[in-house]
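Notes follow the structure.
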Amino acid sequence: MTMTSTTTKAMAMAAAVLAAAAVAATNAQTCGKQNDGMICPHNLCCSQFGYCGLGRDYCGTGCQSGACCSSQRCGSQGGGATCSNNQCCSQYGYCGFGSEYCGSGCQNGPCRADIKCGSNANGELCPNNMCCSQWGYCGLGSEFCGNGCQSGACCPEKRCGKQAGGDKCPNNFCCSAGGYCGLGGNYCGSGCQSGGCYKGGDGMAAILANNQSVSFEGIIESVAELV
């Protein structure tokens, strides 16, 4: 086999793999009404456009599910609706996680005690991107992710990078080009300063699943090794 035919074969295989991966990337990232009501993993927000991530671009206006900055309504105050992502519905009809939501009067969801974190637990991070409140407890909703939030899906996002004296994001979140912490293409893509940046950040598509990014760069290299 000639060098030319080998190269052609490698390029053809890479193109086929990339095409398949592009479909996989779309399916992996889409959620909500754009993908049959799919929920994002690890409490990632489903944006109004149906993509998973963290930060105001995903958790702000129009957020469909996950660690949305504005708590969703539920229970008797929300027409009997239950919360997405297995969150608790508080006695006042707001979705979240932690004692304010899952404690006394909780209407539905996994009511349970708080998990300690941050300044209350030697700097421990909360699981599944939950917020660590200013008081050192894990949860979701404005009581945990609002003012004083130490780590996790804080709203608004923490500042980082050159815009914040070189600070890095907690939870290995990405520091966007604009100096905000989050997850998803708007934070981990082009211009990402630190954290789990996409290797192919300059316009190269990536798959977001279980908080890991997998770039097509590695796919091409793997195909090249096979021929």
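Placement of Cβ uses the backbone N, Cα and C atoms for every residue, glycine included.
As recorded in Swiss-Prot:
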- 38-40, 90-101, 142-143: substrate binding site (BINDING)
- Cys31-Cys46: disulfide bond (DISULFID)
- Cys40-Cys52: disulfide bond (DISULFID)
- Cys63-Cys68: disulfide bond (DISULFID)
- Cys74-Cys89: disulfide bond (DISULFID)
- Cys83-Cys95: disulfide bond (DISULFID)
- Cys106-Cys111: disulfide bond (DISULFID)
- Cys117-Cys132: disulfide bond (DISULFID)
- Cys126-Cys138: disulfide bond (DISULFID)
- Cys149-Cys154: disulfide bond (DISULFID)
- Cys160-Cys175: disulfide bond (DISULFID)
- Cys169-Cys181: disulfide bond (DISULFID)
- Cys192-Cys197: disulfide bond (DISULFID)
- 29-70: domain 'Chitin-binding type-1 1' (DOMAIN)
- 71-113: domain 'Chitin-binding type-1 2' (DOMAIN)
- 114-156: domain 'Chitin-binding type-1 3' (DOMAIN)
- 157-199: domain 'Chitin-binding type-1 4' (DOMAIN)
List of residues, in chain order, with Cβ under 8 A from that of Cys132 (disulfide bond) and at least 6 apart: Cys117, Gly118, Leu125, Cys126, Cys138, Phe144, Cys149, Gln150, Ser151, Gly152
Contacting positions for the domain 'Chitin-binding type-1 2' (71-113) when only residues 6+ beyond its ends and CB under 8 Å are counted: 39, 43, 64-65, 130, 133, 137-144
Spatial neighbours of Cys68 (disulfide bond) among the recorded positions Cys46, Gly96, Ser142, Cys160 [C-alpha, 10 Å]: Cys46, Gly96, Ser142
DSSP three-state assignment for Cys197 (disulfide bond): coil
Cys40, Cys111, Cys160, Cys175 filtered to the disulfide-bonded residues whose C-alpha is within 10 Å of Cys169 (disulfide bond): Cys160, Cys175
Gly93 (substrate binding site) and Cys83 (disulfide bond), Cα-Cα, nearest whole angstrom: 10
Secondary structure at Cys132 (disulfide bond), reduced by DSSP to three states: strand
The one of Cys68, Cys74 whose CB sees the fewest other CB atoms within 10 Å, among these disulfide-bonded residues: Cys74
DSSP state at Cys31 (disulfide bond), helix/strand/coil: coil
